[in-house]
Amino acid sequence: MASSDDPEVVERKYRKEEKKEDEHEEKEGFIEKVKDFIHDIGEKIEEAIGFGKPTADVTGVHLPSINLHKAEIVIDVLIKNPNPIPIPLVDIDYLIESDGRKLVSGLIPDAGTVHAHGSETVKIPVTLIYDDIKNTYHDIKPGSIIPYRIRVALIVDVPIFGRLTLPLEKTGEIPIPYKPDVDIEKIRFEKFSFEETTANLHLKLENKNDFDLGLNALDYEIWLSDVSIGTAELTKSTKIEKNGITKMEIPITFRPKDFGSALWDMIRGRGIGYTMKGNIDVDTPFGNMKLPISKEGGTTRLKKGKNGEDDDDDVDED
C-alpha cells in the first residue's frame with residue numbers, strides 16, 4: 001500500500017510541523033515580551049533617577065603656536081552630563097588626517113570626570129611636526145594650505161548604559177609655513193663719512209606662502225665684510241600678498257672706519273660681502289607667527305654719481 005494511501009501517517013506529520021511552528025512563534029513572542037519589559041524597566045529607572053546619555057561637541061580648534069617647524073593645536077571638546085552622579089572619561093582617542101592620510105594620532109587614558117548635572121570642556125593638545133609630514137607625504141609642499149579632519153572618540157562609563165563611545169568630527173585648514181625670502185636690492189647713502197655714515201637699505205621681501213602675511217614688526221642685524229653694523233627693530237604695518245613681493249626701506253647708521261681694509265675695497269669699487277639676519281612678526285589667517293629671514297653671500301659696491309656724489313650701490317646676488 002502506498003504511503004499516500006495512509007491518512008493517519010500524513011496527519012501525524014502535519015501535526016508535528018504545526019506544533020514546531022507554534023513553539024517557535026511562542027518563543028519569539030516571549031523574547032519580544034522580555035525585550036519590551038527590559039526597555040520599559042530601563043525607561044522607568046531612567047525617569048525615576050534621571051539617568052541619560054551624555055552629549056559631546058567639538059566647540060573649537062586653536063593654534064596657540066605655529067612656526068616653520070611645528071604647529072601646536074588645542075581641540076576643545078564640550079561634554080554635558082545629565083546624570084545625578086559624576087561620569088568618568090575612560091579614554092580619549094584622536095586622529096588628525098588630511099585627504100584620508102594620517103597626520104597624527106594618539107590616546108589619552110583616564111581623561112578625568114564630568115561632574116553630576118554639569119559640563120566640562122576637555123582640551124586635547126596635539127603637536128604637528130612638519131618634517132614628519134613632509135618626509136611621509138612628499139606632495140605636501142612648504143607654503144601650502146592643507147585640509148584636515150579631526151576625529152575624536154570619547155569613551156565614557158555611564159550607569160545603566162555602561163560604556164559608551166561618543167564619536168566627534170571637525171574639519172578645517174592648516175598651513176605648512178615657508179620662510180620668506182629677503183634681498184637687499186640697493187643701498188642709498190644719505191651721508192657718508194669715516195666717522196658716521198647713514199643710509200637706507202632697500203629690501204625686497206618675497207612671500208612664498210599661499211596665504212597673506214600682515215607684517216607687524218621686523219628685527220634685524222646686518223654685517224658688512226663680517227663686521228656688524230648694528231641691530232635694530234622696525235615697526236611698520238604692511239601687507240605682503242600671498243606669493244607676492246613687498247619692498248621697504250630700513251635706515252642704518254654705522255662707522256666705516258671700523259671696516260679696516262674692507263672700506264678701501266668698497267671705495268675702489270670692489271665687492272664687499274654682506275649678511276642680513278632677523279625675524280618678522282606677521283599676522284596670518286591662522287594666527288600670529290614669528291618667521292626668520294636671512295640672506296648670506298651677497299656683495300655690494302660703492303659707485304660715484306655724476307656730480308661726484310655717492311650713488312646707489314649695486315647689489316650682486318650670489
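Yeah, the Cβs are placed from backbone N, Cα and C, and that goes for glycine too.
Note: TrEMBL annotation is automatic and uncurated.
Per TrEMBL, region 'Disordered' is recorded for 1-27, 293-318. TrEMBL lists 9-27 with the feature compositional bias 'Basic and acidic residues'. Residues or ranges marked as domain 'Water stress and hypersensitive response' in TrEMBL: 56-173, 182-298. The annotation compositional bias 'Acidic residues' is assigned in TrEMBL to 309-318.
Secondary structure of the domain 'Water stress and hypersensitive response' (182-298) per DSSP (helix as H, G, I; strand as E, B; remaining residues coil): 11 helix, 81 strand, 25 coil.
With DSSP classes pooled into helix, strand and coil, the tally for the domain 'Water stress and hypersensitive response' (56-173) is 7 helix, 87 strand, 24 coil. This prediction places the mean pLDDT of the domain 'Water stress and hypersensitive response' (182-298) at 82.
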